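What Swiss-Prot says about this one:
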COMPBIAS  529-557  compositional bias 'Basic and acidic residues'
MOD_RES   T562  pentaglycyl murein peptidoglycan amidated threonine
REGION    303-427  region '2 X 55 AA repeats'
REGION    531-555  region '5 X 5 AA repeats of [DE]-D-A-K-K'
REPEAT    104-140  repeat '1-1'
REPEAT    303-357  repeat '2-1'
MOTIF     559-563  motif 'LPXTG sorting signal'
Amino acid sequence: MEKEKKVKYFLRKSAFGLASVSAAFLVGSTVFAVDSPIEDTPIIRNGGELTNLLGNSETTLALRNEESATADLTAAAVADTVAAAAAENAGAAAWEAAAAADALAKAKADALKEFNKYGVSDYYKNLINNAKTVEGVKDLQAQVVESAKKARISEATDGLSDFLKSQTPAEDTVKSIELAEAKVLANRELDKYGVSDYHKNLINNAKTVEGVKDLQAQVVESAKKARISEATDGLSDFLKSQTPAEDTVKSIELAEAKVLANRELDKYGVSDYYKNLINNAKTVEGVKALIDEILAALPKTDTYKLILNGKTLKGETTTEAVDAATAEKVFKQYANDNGVDGEWTYDDATKTFTVTEKPEVIDASELTPAVTTYKLVINGKTLKGETTTEAVDAATAEKVFKQYANDNGVDGEWTYDDATKTFTVTEKPEVIDASELTPAVTTYKLVINGKTLKGETTTKAVDAETAEKAFKQYANDNGVDGVWTYDDATKTFTVTEMVTEVPGDAPTEPEKPEASIPLVPLTPATPIAKDDAKKDDTKKEDAKKPEAKKEDAKKAETLPTTGEGSNPFFTAAALAVMAGAGALAVASKRKED
């Protein structure tokens, strides 16, 4: 449809130009004919249009008739040209109006579509529908969408994250907007000159604003030359009705400056009063001066940093804020938008926030705990050796090892060395009832040198004292009473019986005392052979006679003494006297009874 309109427009332009050229040609021919000298008398046909009422010559009348016909023809041509120009202007105006209406409808549709994306109320949709120009639609759309974005951020909805991630940086967005607007303006100007789609495609494929403007200037310049060459009055009127390109560019720059200024004010939550001042500014310079004054009056901001330690996102970012609380809100929203949930810390000295993402919570039943190798050293009575086990901790390993020891009949004292992860069990000695114990014993020997009993015997005892008691009981039981000696080296006791001789009295046998303690069975003494005993006694007596005589002589000269230094003879005599007195007393008592 668009292409068909352009073709019709081009045909109308061509027809208009052709008519103009024809009219000019006719006028020129007429002027040439009038100015040329008349050499031949023209022949006036019968029935000529002019008569000779004024007495003019026939030649003059013929010329005047020809001039009249030429004038009529010229007037008709001019009338046709004017009518064609008027029709062409009306068609061009209608086409321009239709194109503007289409552009306005498209802009409204785009704005309403974006409003629906942000859930904008019907109030703002009605404002869009009532807008009269594309520029008005776009300005209102930019303001409403920006406010909607802020509202969505404050609500912290889940859909905000996806939307923000899909947005391009502000600088790129501005460049993209400028490039798109430059292309629209360029195509609009190319449409004015009926430029072909080939050149429009070149405009649409340009990557920079500068490229668009350069291409636009070249194409428009060529189109202007072509249109001027057509020399149509309608074209001149049309061109005069257009807004100068310089004013159009200034208007675009002013609109862009206002949009950017309002965005900057939105960052700081500036009221609508200052935004209205921006929107009412008439020049770009006025907008910039006003935004500088407003920002200078705002509270001073600081740069805050955020360090992200996430599972999948790590890095740093910064923001400008009037205080730490404001920066924290911005950073937490940023972290939430990027799926980072963790522990927050803040260092006021460096104005740095740090968020460390929490580790993923895993079901304990799904965990495979780390294990350690533990060793058991067994020092048992019948089982000795080492074994190992894998366990998550020492307590678990201890239970396993104690069960193992119990299963193998090992019961002892437990120790643990954490440095080497080693348990040691040393088995306890067997507990035996004291009544069942058989103490270690030693063999002791007794040598008896008695008057009637001579020989040796032995006994087993736990110590010398016990053996001495047993030997003395044995000697007493056998009527041996003498001097006792003990050699620890040979574990030998010796008892030498004392000899008591009282003149005039028959020797009396001492009374045996009754045993007061249980007797320990002893090995009977080995009696000495009689012949050998007699020989030994004879030899001893012969050897003792000279010595006895000498001793008797000395004893006669000295008095007997007491104690260990006294002569055994006197000791024995005293004992005999005492025994005799005791026996006599007993006999007397019996007689009295």
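Any Cβ shown, glycine's included, is placed from N, Cα and C.
Using DSSP to sort the residues of the repeat '1-1' (104-140) gives these counts of helix, strand and coil: 30 helix, 0 strand, 7 coil.
Long-range Cβ contacts of the repeat '1-1' (104-140) within its own chain (Cβ-Cβ under 8 Å, at least 6 residues beyond either end) map to 148-149, 151-152, 251, 255, 258-259.
When DSSP labels each residue, the repeat '2-1' (303-357) comes out as 14 helix, 27 strand, 14 coil, counted as helix, strand and coil in that order.
Over the region '2 X 55 AA repeats' (303-427), the average per-residue pLDDT in this prediction is 90.
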